Amino acid sequence: MGNWIINHGLSSFILVVWMSINIFLFLWFYFFYDLGDQFFYTRHILGSALAWARAPAAVLNFNCLLILLPVCRNLLSLIRGSFMCCGRTMRKQLDKNISFHKLVAYMIGLMTAVHTIAHLLNVEWYYNSRLGEYDDLSTALSSLDDSGNSTFLNPIRSTTTTPTLLVFTSIAGITGVIITLSLILMITSSMEVIRRSYFEVFWFTHHLFIVFFAGLVIHGAGRIVRSQTTTDPPHNTTFCKDRTDDWGMIPECPIPQFAGGFPQTWMWVIGPMVLYVCERLLRFVRYMQSVKYRKIVIRPSKVLELQLVKNGFKMDVGQYVFLNCPAISQLEWHPFTMTSAPEEDFFSVHIRSVGDWTQKLISIVEQLPEGAEGPKMGVDGPFGTASEDVFDYEVAMLVGAGIGVTPFASILKSIWYKFKDSNPKLRTRKIYFYWLCRETHAFEWFADLLQVLEREMEERGMGDFLTYKLYLTGWDQSHATHVMVHADEDTDVVTGLKQKTNYGRPNWDKEFEQVRKENPTSVVGTFLCGPAVLATVLSKKCVKYTDVDPRKTKFYFNKENF
């Protein structure tokens with residue numbers, strides 16, 4: 001339990017606070033509508049469905065306030081980069097922005113379903129009351145109109161107005177349909193299988209959030225749910241509810257009057273909407289800034305390396321940028337981790353062919369004449385990630401899977417520059433680097449960088465500073481035979497490094513035990529850029545091998561999220 005608290009305590013506390021606020025809002029508004037005297041007559045027609053419709057609406061307002069904040073990436077980068085007064089553990093929560101965004105979206109989906117079902121029941125009961133299918137009080141309340149000194153309670157003003165007609169002709173009804181359809185499309189297109197295989201579908205469908213928020217702001221203007229207002233003399237519901245024939249005839253029972261509640265959703269969402277608009281404006285400004293190519297390289301396995309130059313561009317290790325290529329799509333932006341170091345006068349990205357957009361970009365570059373400038377490129381960023389904090393730890397474990405090595409290439413390059421310049425601010429004294437690849441060609445992306453680092457560390461007598469292990473998780477018989485033939489050579493046949501390539505997957509228990517043994521009193525930062533399955537494994541190992549005793553080894557897990 002102590003290990004779990006060290007690694008996940010703050011995250012769990014934030015989730016508990018968020019859930020507590022949701023529960024509080026639901027219960028508060030449920031009892032407000034279920035017990036409030038001003039809703040006595042409304043409840044007589046609708047029953048508990050009134051409270052079941054309004055309580056989720058309050059929770060929806062709160063979560064719609066939150067849903068845009070985790071995707072305001074410039075705001076998050078500003079918080080983690082400029083306000084360093086927040087501790088490392090607090091900054092780590094910012095790296096879970098997409099997970100929190102999804103969690104809030106699920107809550108919005110759940111509350112929308114409850115809200116919609118309850119209101120569909122409400123419309124049906126309003127209609128039946130209008131037809132006089134219930135008691136005399138329900139019929140009398142449904143017969144009130146706006147003439148004279150009375151105001152209506154039942155939004156169905158005529159027996160010819162069916163529930164379906166009300167839904168598709170009223171402001172609340174039509175906006176509710178639009179909001180619900182938009183939400184269904186956004187959530188379903190966000191599924192992993194669609195997002196990875198049909199990114200364009202996810203990208204364009206997700207921008208229905210504009211329609212969603214527009215409908216959300218307008219939705220309450222219909223004022224379908226109405227409460228009793230104070231009259232002079234006051235209408236005594238306890239005395240008058242059984243005397244509908246006396247309404248307006250005796251002083252104790254003036255005709256009851258009703259009014260819809262003032263729309264409040266816009267007050268919840270206006271702040272985040274303004275922040276997000278500023279976010280998109282900043283993205284547009286960055287898009288208009290000129291980006292020049294320094295170098296274009298097609299690496300093995302169709303990996304494209306772009307070295308770019310942009311005036312005023314400053315980065316930190318492990319950060320990422322969004323790229324837009326108008327020749328492919330004016331609207332699509334895709335995230336890529338930078339592989340260059342802050343000390344270099346350019347920034348670079350490695351792009352693997354994994355989808356339509358990347359395939360088209362690589363195809364365009366391959367068709368360029370010798371020495372020609374690449375296609376116009378828009379760059380938004382840089383944005384902060386967990387890897388920014390790598391130099392805040394005494395010891396770092398870097399785990400990359402395939403192209404997930406990119407943030408660590410930036411870190412390793414920066415280390416090389418820091419040693420070259422004898423940077424006294426370098427706090428890190430030991431790095432363990434693990435790279436898992438399915439094919440041998442992938443190692444060629446950064447094998448030259450590892451060779452330079454290997455040679456540099458040996459020349460400085462610091463061979464123990466960097467421990468790296470490469471794992472090949474896929475091979476065939478011909479490759480195995482080739483390795484056996486050259487097994488006695490000093491360098492690895494795959495990478496050319498002195499460190500031989502391992503075959504299969506790491507034994508993480510053995511690796512964590514070794515790191516803990518070699519660093520008995522250190523704080524170890526474990527960083528992963530790779531699949532969720534591996535993240536689950538490493539997260540559990542960090543918990544397992546962390547010691548509650550502050551004098552002993554502690555492991556903190558960090559994962560790249562885009």
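Keep in mind that glycine also has a Cβ here, set from the backbone N, Cα and C atoms.
Features of the protein shown, as given by TrEMBL:
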{"type": "DOMAIN", "residues": "283-389", "note": "domain 'FAD-binding FR-type'"}
{"type": "TRANSMEM", "residues": "12-33", "note": "transmembrane segment"}
{"type": "TRANSMEM", "residues": "53-79", "note": "transmembrane segment"}
{"type": "TRANSMEM", "residues": "100-121", "note": "transmembrane segment"}
{"type": "TRANSMEM", "residues": "165-186", "note": "transmembrane segment"}
{"type": "TRANSMEM", "residues": "198-218", "note": "transmembrane segment"}
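For the transmembrane segment (12-33), same-chain residues at least 6 beyond its ends with a Cβ under 8 Å from one of its own Cβ atoms are 39, 43, 50-52, 54-59, 62-63, 66, 93, 103, 107. Taking the domain 'FAD-binding FR-type' (283-389) as a whole, pLDDT averages 83 in the prediction.
Helix first, then strand, then coil: DSSP counts for the domain 'FAD-binding FR-type' (283-389) stand at 21 helix, 37 strand, 49 coil.
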